[in-house]
Amino acid sequence: MLNKAVLAEALVVFAIVLLVHAVVWDRFSWCVVALAVQAFYVQFKWDRLLQLGGAVFQFRTTANSGLLPASMVTPLLGIVMKERCKAAGIVYFERFGIVVASTGMLVALFLSVIAVGITKPVPTNTCILTGVAGSVIIYTMKHSLTVSEVIEVLEVLLIFIYLSMILLYLLPRCFTPGEALLVLGAVSFVLNQLIKRSLNVVEGRGDPIDFFLLVAVVGIVLLGLFFTVLFLFLDSGTWISSLFFHMMTAVLGLGVVMPWLYRVIQRNPLFWLLQFLFQTQTRVYLLLYWTCLAASACGVVFYQNAKRSSGSKKHQASTITRKYFHFIVVATYVPGLVFDRQLLHVAAALCLAVFIFLEYIRYFRIKPFGQTLRQLLSLFLDERDSGPLILTHIYLLLGMSLPVWLFPRSCAPKGALSGAGALVPYSGVLAVGVGDTIASVFGSTMGEIKWPGTKKTFEGTMTAIFAQVIAVALILIFDSSVNLNSSYAWILASISLVSLLEAYTTQIDNLLLPLYLQIMFMA
């Protein structure tokens with residue numbers, strides 16, 4: 001019996017895939033369509049494994065596997081990036097887009113093969129579909145990639161396999177298979193890119209801003225892996241372990257991360273960062289403004305915990321209370337997008353590193369703040385935080401930041417794409433900051449008509465679409481670099497489809513929705 005919500009989610013994803021390829025049809029389109037069809041079938045195998053407890057690792061149990069929507073993100077993103085850079089005549093990034101698409105397809109296919117392999121009895125029809133999709137993808141890669149690009153794709157796949165075995169074992173119930181595909185696939189690709197660029201500094205392309213993001217992400221992930229393995233043998237809650245944690249963080253940061261960053265940007269990282277942050281008066285004002293917003297967010301956390309301590313211990317933050325942080329993040333990102341996107345790019349990378357580092361302190365109970373963070377953040381847990389890690393606030397930051405980080409600046413004349421592409425950096429603001437927030441608030445307070453198979457409401461979805469259209473109009477007024485060139489019908493269709501996806505998906509919408517909206521805008 002097919003789940004109505006899963007089937008509706010699949011229909012929305014197929015609609016997005018077909019719309020994108022109606023605009024950018026090429027040889028890779030056959031691969032993505034074949035991958036989508038087989039991922040649809042394999043997704044039900046994964047769901048059955050999760051229900052019966054037959055999966056190799058422990059995945060998040062409050063959602064379906066999410067294999068289909070997750071499998072489409074990276075291939076579609078690579079294809080639309082390739083087309084944009086091809087139109088701009090930037091051959092290097094056109095080839096980069098092909099590598100991204102090929103990597104996404106191969107990693108998704110690998111995850112599908114794993115599901116088919118551990119399903120008993122072996123599903124014959126699904127095996128045939130997986131074999132056909134794999135043949136199409138490998139044949140296309142053979143005729144599209146150079147030898148060095150094939151090696152690069154295989155390197156990412158190898159890193160993904162090792163990361164998956166380590167992190168899914170150490171962090172049970174933190175991900176669904178689809179979320180693991182997105183998060184670990186992205187980390188694997190970033191790690192491979194950083195290694196590649198570190199070995200070819202002279203030939204490296206890009207500015208220090210891009211390298212700063214790569215080193216920050218890889219450095220903080222490697223730091224977490226190191227301490228996770230270490231604290232398997234030590235009690236992390238003692239003062240001696242806490243002192244060792246802080247000391248080794250300083251040693252690894254100053255002895256590994258900083259020299260690594262110095263090698264790739266060819267200048268002192270600290271001096272460069274200070275000079276960059278305080279380069280103009282506008283940046284100083286933005287930093288002061290963001291500091292005030294961060295203080296207000298901390299104030300909300302302390303106030304809600306004070307209410308809990310004075311009332312019932314079972315008190316949990318309501319949906320509307322959690323959406324306060326969405327409003328604060330929108331107020332943070334919009335001025336950065338309008339006045340200084342480079343500063344926002346670097347500040348978001350710094351903030352991500354800080355968030356993950358604080359999660360390490362909470363998870364390992366590092367003194368003196370570990371237990372305090374556990375008590376403060378436990379108030380804001382929901383069903384998606386069923387594992388040992390609290391990731392929803394990190395996913396919120398990623399959802400807002402990924403459109404900024406993945407914006408193809410080199411392929412955009414004068415720093416902005418034309419038509420709907422001009423809204424690409426605003427994808428996170430629209431999908432998560434406005435759409436998801438308004439849908440949640442209005443749906444939970446005034447919604448009555450529920451979408452089949454879900455708790456989401458028709459009123460919430462319609463209000464979210466209307467709010468995003470209003471937000472686009474405001475962006476046109478306040479950001480002079482945005483020129484939509486009469487692509488209003490495509491923008492409305494993109495917003496509507498992503499809002500429908502929000503209504504039906506059980507995956508982390510903070511991460512998934514901005515990526516799909518970015519893909520639609522870039523197409």
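Backbone N, Cα and C atoms are what each Cβ position is placed from, and that goes for glycine too.
Features of the protein shown, as given by TrEMBL:
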- 12-41: transmembrane segment (TRANSMEM)
- 92-116: transmembrane segment (TRANSMEM)
- 122-141: transmembrane segment (TRANSMEM)
- 153-171: transmembrane segment (TRANSMEM)
- 211-234: transmembrane segment (TRANSMEM)
- 282-303: transmembrane segment (TRANSMEM)
- 324-339: transmembrane segment (TRANSMEM)
- 345-365: transmembrane segment (TRANSMEM)
- 386-406: transmembrane segment (TRANSMEM)
- 426-446: transmembrane segment (TRANSMEM)
- 458-478: transmembrane segment (TRANSMEM)
- 490-517: transmembrane segment (TRANSMEM)
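Between the transmembrane segment (345-365) and the transmembrane segment (458-478) there are fewer than 3 Cβ pairs closer than 8 Å, counting only pairs 6 or more residues apart in sequence, which means the two stretches are not in contact. Same-chain residues lying 6+ beyond the ends of the transmembrane segment (12-41) with a Cβ under 8 Å from its Cβ atoms: 67-69, 71-72, 75-76, 79-80, 82-83, 98, 101, 105, 108-109, 112, 123, 125-126, 129-130, 132-133, 136-137, 140, 143-144, 493, 497, 500-501, 504, 516, 519-520, 523.
Beyond the transmembrane segment (458-478), the same-chain residues lying 6 or more positions past its ends with a Cβ under 8 Å from any Cβ of the stretch are 338, 423, 426, 429-431, 434-436, 438-440, 442-444, 446-451, 484, 491-492, 495-496, 499-500, 502-503. For the transmembrane segment (426-446), the partner stretch with the most Cβ pairs below 8 Å, chosen from 324-339, 386-406, 490-517, is 490-517. For the transmembrane segment (386-406), the residues of the chain that approach it from at least six positions outside its boundaries are 60-62, 77, 81, 171-175, 213, 325-326, 329, 333, 337, 341, 344-345, 348-349, 351-352, 355-356, 359, 362-363, 377, 380, 424-429, 431-433, 508, 510-511, 513-515, 517-518, judged by C-beta separation under 8 angstroms. Under 8 Å from some Cβ of the transmembrane segment (490-517) lie the Cβ atoms of residues 5-6, 8-9, 12-13, 15-16, 19, 62-64, 66, 69-70, 73, 77, 176, 178-179, 182-183, 384, 391-392, 395-396, 398-400, 402-403, 419-420, 423, 427-428, 430-432, 435-436, 439, 451, 453-454, 456, 460-461, 464-465, 468-469, 472, 484, all in the same chain and six or more residues away from its ends.
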